[in-house]
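Quick notes on the structure that follows.
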């Protein structure tokens, strides 16, 4: 607002005046006659009536522009000259405090980052230790870690959650599904287990090509929270399944491995089946003629789907 007023005042300054040396503040528009005791300053290269401004008004205007950062440069909105702002010397002790404040301001982000990384590191160590005791057994895990070198534990334990999350990011189900589509679609026995559907040639090729491109960039659409939770819960789920279905196995590690393999296999098979059914549904879709019959059928399907979803939400509530 003050800059616009100053531009207008500069335009009026081009017109001949009776007294070019008269002082008029471009911030508050007060003149020298309004306040004889006010301090005036000519802070820039402007000429005419816009070269004068109250010291106090300019101080407030500079404060608004700096927004608490006293080192920020402030320019004249008209001539773009930098204001010369100086501070009085407050002594060596205040200068030392200023330097300490500046150093603290600069190193604080690095300290916060170090604390965050350290916290993540110790959380990873704790998770790794709990996982070891959960997989091989509480007593066996404690004995194993007590007999190991502490430096080795500090290096190996954090790699357990990192390895689980990294392995979870690889979708082996997509590779298996592509292999089945490419080589096993003509095997009658597999048709009862994994339906390949009756897809028209051109449409099937287009959808298959889209699916292949999607698989190449599938890592860009993965949910970080889903990967994180699934990876870190894998040891617990494996232990539970191992205790339920493999009670005859005495070794805790072997029982947990069998439980994990069972869980991964069943889950992968269900994901492969689900993706194949979605592939068939997508590749078998059709666009109908815009007729009254088809329009009524389409609207009735939408209404029935909405009613089903509403009933499900009411039951959940």
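Yeah, the Cβs are placed from backbone N, Cα and C, and that goes for glycine too.
Note that TrEMBL annotation is computational and uncurated.
Annotated range for transmembrane segment in TrEMBL, selecting from 131-150, 151-170, 171-190, 191-210: 151-170. Same-chain residues lying 6 or more positions outside the transmembrane segment (81-97) and placing a CB less than 8 Å from one of its CB atoms are 43-46, 58, 62, 70, 73-75. For the transmembrane segment (225-246), the list of distant contacts is 127, 131, 134-135, 161, 164-165, 167-169, 255-260, 262-263: same-chain residues at least six beyond its ends, Cβ to Cβ under 8 Å.
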